[in-house]
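Please read the structure below before turning to the comments.
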Amino acid sequence: MHLGDLKHPNELHGLSPAQLEDVARQIRERHLQVVSTSGGHLGPGLGVVELTLALYQTLDLDQDRVIWDVGHQAYPHKLITGRFNDFDSLRQQHGVAGYLKRTESDFDHFGAGHASTSISAALGMAMARDNHGESFKCVAVIGDGALTGGMALEAINHAGHLPNTRLLVVLNDNDMSISPPVGALSNVLNRARLSPPMQFLSGSVEESVRHLPFMGGEIPAELNRLKGSMRRLAVPKVGAVFEELGFTYMGPIDGHDIGEMVRTFQAAHREGGPVLVHVVTKKGKGYPYAEADQVGYHAQSAFDLGTGKAIPSSKPKPPSYSKVFGQTLVKLCEQNSRVIGITAAMATGTGLDLLQKAVPDQYVDVGIAEQHAVTLAAGMACEGLRPVVAIYSTFLQRAYDQLIHDVGIQKLPVTFVLDRAGIVGADGPTHQGQYDISYMRAIPNFTVMAPKDEAELQRMLVTCLQHDGPTALRIPRGSGEGVPLMEEGWETLPIGRGELLREGDDLMIVAYGSMVAPALATATLLEEAGLSTTVINARFLRPLDQALIHPLARRIPRVVTMEEGALPGGFGAAVLESLTDQDINVSMLRIGIPDKLVDHATPQQSKEALGLTPAQMAERILERFSNTSGDLPASASIKALQA
């Protein structure tokens, strides 16, 4: 069978072991071929090929529900549910998404991108099923890293209290999330992983008893009670944990042995309540480079299949904002033992891997636990430490109550570095950092800022650590502007003071963070069109530099704000509210991300689709103000000027 000809995943039912091995080979080949060409998540999907095939052998995918936690390990699922031939478009604009989307396939029952949501969703579906009197199966597949998230543990706590609700949780245990998982639960899983494979009465022994002539296919109550007693004696410590929480535990089993998994899943489906099957897999299975470096090959840009090495870009790039942040924090930690870097399982992505290597005693990884990370930092600050919490903008959303309740209200000196703020590209709407401006500006006592370049990032980090109160600093994904950097001796910035970059009389642009450089480029185009333009680097969202902005707004009749974030409640709204409160009436245009989701594409494609390139913004400015003011200079279009 060629997977390109597969019409429905149920067609895989009844394939021989040899045929299933061939299907597994095709999945890995296609997975590697596409990701090596266009980039994407590599290790997670390679590790669950056999798990996916075995699980789907035991399900009717016309009706049963499978919820994949996070979704980056679901490439094999996509390849056998109708997307094999279109997989070349993975993570590309208008192509196959890198995560699961309910709008993409009827087999994608629940969308995701953040960790630890699958058990809650699957339990909700199971409860709805029972409410409707239906009988389909509900399965959550979750990794050992995601299992450490509080939401997953909350769902397990609830499901274990519902002994008659059929739910299967498949624990994909590869001893990894993006980085190696941390914590006591991870240690327990590791000990179970090293124990001999367990054979339970609910598996092969039960099958033998069921087929005895005098049993008639039924398992008497006495044997069921014996089975429960034997299981409690036999399961490893991790199994005892889940058993005490109300789950039937099976495992650990080999996650690359299709036959063993099929038998175990079949036994699990026969149970009448919540079941957890513990499956041990190898991240990156089948590709030696990914098996050897499971962190580095979690996700990859384009790479050479033969050597495993990344294909270099056509020209050198400046260091990323994340790297500059990490390098600067290392220096600051070396100078001050009270400074502590905290990550929630994203050390490499945020640049804190540099701190982990250089000053490990001042580095903390809490696992996938953003809420805990924030309040842990609050506790540290109470006792005189200066914690720096580095979290992606999209993931900090998960700890909003802690930002307000535990840090903001108490005015604690915790610094938050919001990485991947703004448009992030191919990961799509679950990962865009478009909301942090709106959600951070609403929290009292916070000082919130964003640098125009990587040198200003260094000064802002020092400013945060010397400020007696909570601070937040947003940085974009990708390379900096290529400006010179200082090794040390960074000066602080005055809190709430912006920067006047150029002066003009016709128009004022107030730009925030990553939009400062595009604002300057836009101003150049407007000058060529005859529009004299002032440009301000706002630097601070809270407090806004009213002393700089207000006098200029009284003199300049047109104001444009630029931000790489959501317009509702955003930076432009802050400027507009500030002007309105002082009865400063101007013609205004707010440029940013409109009230919509930003789908997967390259960052440049997304910016073009949103009208955020300098040429597009200049055109829009001319169009906006030529409709409201007759005194603008006549000019050709920006496109014509660029030609």
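Every residue, even glycine, has its Cβ placed from backbone N, Cα and C.
The structure displayed is predicted, hence computed values, not measured ones.
In the three-state DSSP scheme, GLY145 (thiamine diphosphate binding site) falls into the helix class. Cβ neighbour count for GLY145 (thiamine diphosphate binding site) (all protein chains, 10 Å cutoff from its Cβ): 28. What Swiss-Prot lists as thiamine diphosphate binding site is HIS72, GLY113, HIS114, ALA115, GLY145, ALA146, ASN174, TYR287, GLU370, and the listing cites sequence analysis.
The Mg(2+) binding site annotation in Swiss-Prot covers ASP144, ASN174.
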Set of same-chain residues at least 6 away whose C-beta sits under 8 angstroms from GLU370 (thiamine diphosphate binding site): ALA344, ILE391, PHE395, LEU396, ARG398, ALA399
Cβ neighbours of ASP144 (Mg(2+) binding site) where a neighbour is any other Cβ within 10 Å: 24
Candidate with the highest Cβ count within 10 Å, taken from the binding-site residues HIS72, HIS114: HIS72
Pairwise Cα distance maximum in Å, thiamine diphosphate-binding residues per record: HIS72, GLY113, HIS114, ALA115, GLY145, ALA146, ASN174, TYR287, GLU370: 32
Top Cα neighbour of ASP144 (Mg(2+) binding site) in the set of binding-site residues HIS72, HIS114, ASN174: ASN174
Chain-internal residues, separated by at least six, CB under 8 A from ASN174 (thiamine diphosphate binding site): GLY47, GLY143, ASP144, GLY255, VAL280, THR281, LYS282, LYS283, GLN294
